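This report refers to the structure that appears directly beneath it.
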Amino acid sequence: PDINMTERFDCHYCKESLFGKKYILREDSPYCMKCYENLYSNTCEECKKPIGADCKDLSYKDRHWHETCFHCFQCKNSLVDKPFAAKEEHLLCTDCYSNEYSSKCNECKKTIMPGTRKMEYKGNSWHETCFICYRCQQPIGTKSFIPKDNQNFCVPCYEKQFAMQCVQCKKAITTGGVTYREQPWHKECFVCTGCKKQLSGQRFTSRDEFAYCLSCFCNLYAKKCAGCTNPISGLGGTKYISFEERQWHNDCFNCKKCSLSLVGRGFLTERDDILCPECGKDI
């Protein structure tokens, strides 16, 4: 069809004729190149000039660059189609970023690259694969570990190498045990031979290498009072009276009939009983 040369074809913004000129359609309206760039082009972060319609516009987090302006802030090498990192508004290639900001692995001494999984402990960093147990050389990962002498140990290896073994259960003591007769015990393993109650922090005594709480020891080994039949412990300064292979607590050494205390007095015996001279004169 014939083109009607009398029909106007003008820039939507400046109204200048577009015949014979380059133009861009936007929302079905034509714009001359100058108007389009002034109205719609992004400004380049590097050179601060508009990014024209005939240029490639590279964007990152709402910021824009000409293709030729998209380069490393440090070494100026192009970042087009290459990995990069952002630091304080600047873009850096991974090499420059690593040299400037990345931490060094405490084990292999190489840079820990951005985005790489790493382990951190007390200001030091490791590649995840370099953070290993000193004894078994296996990666510790997220498992518990114990540091010793600038080395890190997984818990099983630490127990094998350093922990004392309980005399009773033969398992490692990793936290506060008990020492008895220069041998280590778990607190929960150090119990009375008689009643099995824990002895840690309690008064106890021993007999034939076995430890007993005072109650069990007295019941098993202490002399029995001829008056009340309860044990005379002899521990803690308990006073007692002994006569012909019998013993009494001081408070139990009384006349069978009138209950007069016979401590320091004369007394008479009638079979298993003791009597004051007054009550015994009728014997």
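Placement of Cβ uses the backbone N, Cα and C atoms for every residue, glycine included.
The following features are taken from TrEMBL:
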DOMAIN    42-102  domain 'LIM zinc-binding'
DOMAIN    103-164  domain 'LIM zinc-binding'
DOMAIN    223-283  domain 'LIM zinc-binding'
Residues in the domain 'LIM zinc-binding' (103-164) per DSSP class, helix first, strand next, coil last, are 7 helix, 22 strand, 33 coil
DSSP assigns the residues of the domain 'LIM zinc-binding' (223-283) as 7 helix, 21 strand, 33 coil
Helix, strand and coil residue totals from DSSP for the domain 'LIM zinc-binding' (42-102) stand at 11 helix, 20 strand, 30 coil
